[in-house]
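> Would you mind keeping the following structure in view while I ask a few things?
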């Protein structure tokens, strides 16, 4: 899995011992790593001595190691104990507990309370650094005076004083550098701690959120908190010291400036004060824009996340353009604000960056105007102070902008952490009370704040206890799933009480699968017990499936269960519950996704067998199982209408009887005898005898069964094409203009300083000439002053142009990259999404895009500024002191190697940091999808620990990267300080010939080199790391793509297809090149308007036919023709828009009801209402506020699953296609609704060619013909009645497996079709009675295997297992897993899957049978 792919397994316990040879190799590797000090060892920093810690020398060997080896996560030291997530979580929890009691809690205050000592320590070091900065200008002034006196011959100082000055300047600079980088490291560590605790607390809170809070907070918004908002903290705290000390530095600089040049200082101060209001206005606007900007970002990420989760449905419906438009609109709104934000930020930078130049020009002009002279010592000391002033002033706008963002981010985090949490269900500890669920006089709602608008359960009295099976039934929207959720504590209790005794296991209606092996999904963190595990596989009918996977139960399932069919996912979910050995089992319609014979097996061997000693609560649509339940609860409109035993309810002749009639069950034929099928039950028991083997940890790793692709990771330097991509994507000419302005800006600033030195030199010469009675030469002082002011003002204008041009460019580039990325993903094939975790993709749209949006501009602009400044500095110093070129050559060589080693290390660390970040988001997305299961299974703490583990792996990359930054910075400062030292040295040697002005200019520039060289190098590295985001985005932009959406030369006619005939011509399909085909030479002809049923066992290829027809997977060989036209020649959009499908998984999107059924707004209101009436949702829609424009929440959570399925039918009705595919289309609705839907399909699609993939055979027995698939081939294809005459046929076997009564009913349906009789007149089967014991003599162990003559094992490989791509039949949740559905008798009713949010109900005790 993801973390293992980048070496995380080195830090986890290895549960798979493997062969001795592997262990020996591993031991050698570990010994080698320990020898060099990496991989699992304690932090090198934590174990270093004081000098090594102070100078970051502990990282030397690591840098060399990174150069020699491709860096892996396992090579990096473990985090220091004080950096680990567990420690940080404990610290912030204590602080937040104090803060939350205050009237206005603040997460930032809590963070300062938790980590305040680190801030103090950081400030201590930074204060020493700040003080050391002022030593240089003082020494510079003395050095100029020393040279002047030496040249004039009146010096009384020690001739060696220049050397002493050089040593003092070097020493003070080195002390400052050491303190600076320690301060930086502590600040970076503190920022990372804050990011970590935000991620930890947001994750912890997300698991605990109440349902009403979750309804108002989308996953995209929460992901933003963990990525963008948390990242803001890191960025601010990296620069916090610059912000804290900016004002003190400015004040000290001004004081020293006043001492040097007197009152002209106040002229500069006045200019600075005049700029304050403008800074304030810009800062206020930035705050306002940023507050709105994060909201638009949240919306964009939320919509993107929703689209990516449902990408398969969008492709099937050819809705890419509609959803692209929605995302682009939200992105454009975001970009509009981003432009505004960038322009105000540019304005703030211009004001602040121009201040040093403007102040210099104004101060020196005033100085000359008042004193009529230029003193070299004072002027260049002042110039050094102004250069020092440049840094805090330059950082001010950055800190202001980041501070604004941090404030907003902190408030968002605080608001989120203050959201209401789910209240734990009352736990009953009284040993005299039996295990079970107890609800008394309860009124419950989904959203307490909007209880009028949300579904409510009223007057609920429910009890399920002891060794009983209680079934909950009701029509679509009656409240079955809601009652199930109420038992789990997921609904708000308005009145009454909900209590529980014992531990709970929960099986949701839509199975939640984690991205791990099948075995891990079943164990779910529980200890491994071989005997119990094997028993669970048997009763959950998983043995045969596991045999077909090449890796067995170690097969990697993939994200969202992509490698399994819908039925397989549900059986894994049931197996997880059974293995947990809980006291109470709450099952929400688990049989809807499985075949009838598998459902039979699960009910009798699992629910009534192995769980017979447990309390089992089962919400279901399969009424044929009701006679076997101890109690039945009937729900209607959110209330319990009846309760009691099956026979009691029949005798009452109330709501239950009407429900049976709606389902088509003949109650009069039901036998009252409800004797238990004891022989079945007694064969199963979850208690494992003590003689079983001791428990052992399961093998978590599987090297062969990897489905999820390893995240791409480039090696070496970021390729030049990535830079070129960024330069050209936003408009190459604009970038070129901005770059030219950068060069002109540095050139004019340098010229201003040089001109001042030249003016001083000429002024001194002219003064000497006048003293000797000679005429002064050259320009007058007034002219020098005019040029000085003119060039200075020009420099300010160029700086403004540079900033506005460059920020304009970066926003354009960001817009283009997003659009290209999103469009590329919309056009990516399904195989890409099946093998790429959603969290990894979302990471591109959050962290990576945020880097391009907000950080790239600052990073590149600062690099260009510092780099050009360093080049200019070296040129100036070398011209003035040519001898400096001698030591400069080796210094440059050392510099080259230092930055080379650093860049190699830092970019690999950055890539590892990015790769190790994705699993955090993947795990988070996975957690949000299964939060109810996590709560029910009491796995909150285990998941929190997993989050901590993944966060620690990410943090050790980040902190090591920060340590590398300080390691390099200190060594670069040493080189820069050596340059200053040698400059002083050569000036001292050459003091009799060099001018004082040149001394001042050289040393003032040399002093600035220390910081500038380091910043230029770090910004170069930072720019490269930011380019990693562009690289990662571009990797997806250049990824695999589907065929063209439109082929202009092959556009179909407007009325295509005219008839709807389909021909499969020797169709061969495989999911990826090199894999075995899943369809093997499919050939058949389907006539226009023909109704075709498609059945087959799991893995037979049913869903693969759908994928091939819609070209989600392209044919490897052969062709599919529609009305004689090869579909391969059409564009995908033209093809898919002319087909229709009702998928098994009903998906709704946030927006309006209208947008969900008519996204292109092509139909009139009357048409929409007419369709809603056809699907029995007219009254429901009318009752909603807004009607057609009523709100649909994310994932359609405010509609039940059954209602969502009906809306999918509405989409097909509106499309009015010639070809319709039904992929188990009525699995999520009750029997009555199923009958209505089938009637609607027969009526409204009578002129359509219909392909029906079915688990429930009653839905296809009225088909004109049935295709029976077996191992990717057509085993049988004929009329239903004809196929049933073959006793050895696969269809005949499947029919027989539904039980005697249902088999007879299915045969009557087939005969009615043959005889032309209306099938609605055929009497459905009655419910089976226990004395029939239909399973008593059944060969349960072979229930999944048809007759040998009709299905050979070697001909039936599981396509999902063979192709670990996840694109398979499996991932479609497709009925792949079992095709004929529902037990013995529920014909239509068997419509299984009624997952309505609202549909839960449950009531158990027979004693209260007559209450209602």
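Using the three backbone atoms N, Cα and C, a Cβ is placed for every residue, glycine included.
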> Looking at the candidate ranges 682-702, 703-723, 724-744, 745-765, report the one that Swiss-Prot labels transmembrane segment.
724-744
> To which of the residue ranges 283-303, 304-324, 325-345, 346-366 does Swiss-Prot assign the term transmembrane segment?
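That would be 346-366, the stretch labelled transmembrane segment in Swiss-Prot.
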> Which range is it, out of 77-97, 140-160, 161-181, that shows up in Swiss-Prot as transmembrane segment?
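Feature transmembrane segment in Swiss-Prot: residues 161-181.
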> Labelled transmembrane segment by Swiss-Prot, one stretch among 766-786, 787-807, 808-828. Can you tell me which?
787-807
> Can you dig out which of the ranges 623-643, 644-664, 833-853, 875-895 Swiss-Prot describes as transmembrane segment?
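Range annotated as transmembrane segment by Swiss-Prot: 875-895.
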> Region 'Disordered' per Swiss-Prot: which of the ranges 1-34, 35-68 is that?
1-34
> According to Swiss-Prot, which stretch among 904-924, 925-945, 946-966, 967-987 corresponds to the feature transmembrane segment?
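It is 967-987 that Swiss-Prot annotates as transmembrane segment.
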> Under a Cβ pair cut-off of under 8 Å, which of the recorded stretches 119-405, 439-662, 735-1025 contacts the domain 'ABC transporter 2' (1062-1296) most often?
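Ranking 119-405, 439-662, 735-1025 by Cβ pairs under 8 Å to the domain 'ABC transporter 2' (1062-1296) puts 439-662 first.
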> Under 8 angstroms, Cβ to Cβ: which one of 115-135, 346-366, 724-744, 787-807, 854-874 has the largest number of such pairs with the transmembrane segment (236-256)?
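It is 115-135 that shares the most Cβ pairs under 8 Å with the transmembrane segment (236-256).
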> Average pLDDT across the domain 'ABC transporter 2' (1062-1296)?
87
